[in-house]
Amino acid sequence: MTKVVYPGTFDPITKGHLDILVRAAQVFDQVTLLVLSNLQKKSLFSLEERVRLAKSAIEESNAPSNIIVDSYEGVTVHYLEEHGIRLIIRGLRAVSDYEYEIQLFLANKYLNSQVETVLMPTSLRYQFVSSSLVKEMVSFGLDVSEFVTPTVERALKEKLEVKQ
């Protein structure tokens, strides 16, 4: 069985993330969406909220059943080692993503030479979508229904109203 991990902060999960996730689920036997705690980023949603939103988004998207959601507070490579997984999948939107992903690939290879990274370009309609962009759009009252699922959109509106 070929297992792959799709790691990220997913703050929140977008349809761009779901695009990569669903396409990966068509290629691999099991895909774990790994919601990470990242000390370098100040998250709008807590780790638990991001996991809940990811699960809801996957359900709302009628995604394949070979997708599981997990969370981790640590280095992705350590999670892989703990679960006997060797593959990471990452989405690419632009050339700038590629440069960042190569840095992550090299760091992961340094930590564990057995870990491989698969880079998958995002579908054209989501090339510009990011969690940061979606949060900014919601904060300005703009419609983001093309970029996130209804549950995520509601959660963003609720969370950002509290913050204002």
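From the backbone N, Cα and C atoms, a Cβ is placed for every residue, glycine too.
Copied over from Swiss-Prot, here are the features:
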| type | residues | note |
| --- | --- | --- |
| BINDING | Thr9, Lys41, Thr76, Arg90 | substrate binding site |
| BINDING | Thr9, Phe10, His17, Gly91, Leu92, Arg93, Glu101, Tyr126, Gln127, Phe128, Val129, Ser130, Ser131, Ser132 | ATP binding site |
| SITE | His17 | site 'Transition state stabilizer' |
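Taken residue by residue with DSSP, Thr76 (substrate binding site) is part of a helix. Counting only the Cα atoms, the space from Thr76 (substrate binding site) to Val129 (ATP binding site) is about 24 angstrom. Of all residue pairs in the ATP-binding list (Thr9, Phe10, His17, Gly91, Leu92, Arg93, Glu101, Tyr126, Gln127, Phe128, Val129, Ser130, Ser131, Ser132), the one with the greatest Cα separation is 18 Å apart. Within the set of binding-site residues (Thr9, Gln127, Ser131), the lowest number of other Cβ atoms found within 10 Å of a Cβ is recorded at Gln127. When the Cα atoms are compared, Gln127 (ATP binding site) and Arg90 (substrate binding site) turn out to be 14 Å apart. For His17 (ATP binding site), the count of additional Cβ atoms within 10 Å of its Cβ stands at 24 [all protein chains shown]. Applying an 8 A CB threshold to same-chain residues 6+ apart, the list for Arg90 (substrate binding site) reads Tyr6, Pro7, Ile20, Glu101, Leu104, Thr117, Val118, Leu119, Met120.
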